[in-house]
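Per TrEMBL, the feature active site maps to C268, H326, D349. Annotated Ca(2+) binding site per TrEMBL: N389, D391, E439, E444, in sequence order. Sequence annotations record features per position, and here TrEMBL assigns domain 'Transglutaminase-like' to 260-352.
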Amino acid sequence: IAATQPRTNWNLKENAREHHTSKFSSEELVVRRGQAFTITFNGTEQPEKNLIFIAETGPKPSKATKTLATFDVSSTASKEGWSAVLQSSSSSSVSISISSPHNAVIGRYRLSVQSGTSSPAILGTFVLLFNPWSSGDNVFMPDKAECEEYVLEEFGIIFAGNKNHISSFPWNFGQFQGDILNICLSILDRSLYYRQDPVTDVSHRHDPRYLGRVLSAMVNANDDQGVVLGNWSGKYEGGKNPTSWTGSVEILQSWKKSGFKPVKYGQCWVFAAVLTTVLRCLGIPTRTITNFSSAHDADGNLRVDEYYDADGNHLERGADSVWNFHVWNESWFTRNDLGPSYSGWQILDATPQEESGGIYQCGPASRHAIKEGEVDLDYDGPFVFAEVNADCMYWNYDSATGKKTLIFSKSTEIGDSISTKAVGRDARVDVTRDYKYEEGSAKEREIFKKARKKLGLEDKFDPTAPKREEIEQKPDISGKFKVAGSLEVGKDLDLLLVLENLQSDAKTVNVKMTAWSTLYTRRRVSQIWKDSLSVTLAPKEEKQFPIKIKYPEYQQQLTTDKTIQVTALCHVENGIQVLVKRNITLDNPGIDIQVLGAAKVNKEVAVEVAFTNPINAEVKDCVLQVEGSDLLQGVLELHIPPLKASEKSSTKFKLIPSEAGPKYLVVNFSCDKFADIKTFKVINVIN
């Protein structure tokens, strides 16, 4: 056998079909653990006799670390270890069914065969992945439709905006495209864990809990030169604006092409989307989750403090913050370390916010543990619990004296409309109840107190029971901002400030109002408007004050997040201050996609994208970006001439679909006045 190198037939098509790996575009066998695959090879004398197989992975394969297995031909597949069963043999070739254990280390293996006393001959390499279709696997998902969505689906919808106005945009995960599988495997080999101790790291790669944590660190560039560099400054020179990406493939390929230099730039949904791609690629069921009014509790007291000056300007004080939305991941696997009730969806967050174990990684935190306030269980329970449950404290801060005065506190502000894409449909599903009991219910407060107690906070300042000097007086008036028109970029912003006197005597109120353009993290970028008014409200009277912020006033200052924070600080004579605030997300105008003719495999089909300039000024620097798994290779970028007021542009391009079925075309249009207008079109490709 040593003399002639055996020729191996990996039965790529049949094995891939059985193992749900047909979508990989690899010439190498890709299979899932705990399930048999069949190979045929020739070049062995007396094939059935004395065949010994060797499967090995990692830099120093050994039986002790379960990265090396030797097994001979047996009559039945083994339940425990690796095994080989003879399927058929002839004088020139032998067909063997090989099975791996349910808990095998995943990654690239080298397979060799030895016959008699001769030295082993290499049959070749194959890649072994997690197997959510197999009941013995830690990532087993009983619902086949969920396996299809959370492992095999390359298209996703990510929710954004704010809790009053939820928007969404498409994303091309592309986990089966080109060399994405190889890039995902190289991410594992570049982690700090691997660099410190490659042998131990590889031996832990049977465990989705371990890999989830490692990858939550590797998808961000902090600590380890990982995939994406975060930037929340509002200035993105030297890289791409985070809102301009349309998929993960370009990001992962850029990282590899540059010699593994972090890709510039990402924000939360980019980290979450890339992590979804990597985990789905490796076979761990994963989805993106958007949390609205998401708390970043930097000091671990389950409370976020926000500060305002006398004019109602939101101050950058303290490390706590509340984001309009934040996107993280859930992955599905068992928690043998915690017990059966904590299995199922696990929260992972690749956005670098706080260190955990000395590096920027977060999770996996059991979603069930978060709901029950079990914040002491691994990993990062207190941070995740605060993201959806923290109480909010609003303070008036006097920079001259350093004095802070509590304006009010709210326990129902954080963790709203927690959202994910539906299985098999392009719709939003609300999963808030899976994270917490109903806001304001006795059970929800009980869980909050339980979490505080576990963190040793029960003796410290409890926002729901303030100290004497911080006890809130009841406010004399209430206020809110109402939207009075459309919320569109390019149009004036019309709001109503509604003030109501809650008392039975007249009240005089002085109101200071400001509007700032912000990032989605509510970080202030520039002031766009300010005004003040004085009003006397008769007993129990409600008054409305129209506010108009004209498009030319905000156009230059608006960030690509299209977010504006409006605040009114109401000073009531002889009463306490009342803070009224609203975060507003504006909508972009739409774009229209038409497919001109039937889409067939390997045949050209034309697509037309139309955009009408809705404002009465020219727009320039127009760029159209198009991508879609199995519809075109990479990202197509088209430059479009400037458009005069109300002018319509129509751009045509051709696609050559490579596979049949429903395929998603993702389109992004940008110009100097409108950033990153995203939409998608489902194209049904036929053979």
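Including glycine, each Cβ sits where the backbone N, Cα and C put it.
TrEMBL entries are annotated by machine, without manual review.
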Say you check the Cα of H326 (active site) against those of the recorded positions D349, E439, E444; which is nearest?
D349
How big is the Cα-to-Cα gap, in Å, between D391 (Ca(2+) binding site) and D349 (active site)?
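Given the Cα positions, D391 (Ca(2+) binding site) is 21 Å from D349 (active site).
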Run through the domain 'Transglutaminase-like' (260-352) and tell me, per DSSP, how many residues are helix, strand and coil.
18 helix, 41 strand, 34 coil
I'm checking region-level scores; what's the whole-number mean pLDDT for the domain 'Transglutaminase-like' (260-352)?
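For the domain 'Transglutaminase-like' (260-352), the model's average pLDDT rounds to 95.
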Measuring Cα to Cα, tell me the gap between D349 (active site) and C268 (active site) in whole angstrom.
9
Other than N389, D391, E439, E444, which residues of the chain come within 8 Å of the Ca(2+) site, judged by Cβ distance to the Cβ centroid of those residues?
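The surrounding set, listed in chain order, is S411, T412, I414, G415, K436, G440, R445, F448.
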Counting other CB atoms within 10 A of each CB, which of the recorded positions C268, D349, N389, D391, E444 comes out lowest?
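Fewest other Cβ atoms within 10 Å, among the recorded positions C268, D349, N389, D391, E444, is found for E444.
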What is the interatomic distance between the Cα atoms of E439 (Ca(2+) binding site) and C268 (active site), given in whole Å?
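Between the alpha carbons of E439 (Ca(2+) binding site) and C268 (active site) there are 25 Å.
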Fewest other Cβ atoms within 10 Å: which of the recorded positions H326, E439 wins that one? Let me know.
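Sparsest of the recorded positions H326, E439 by Cβ contacts within 10 Å: E439.
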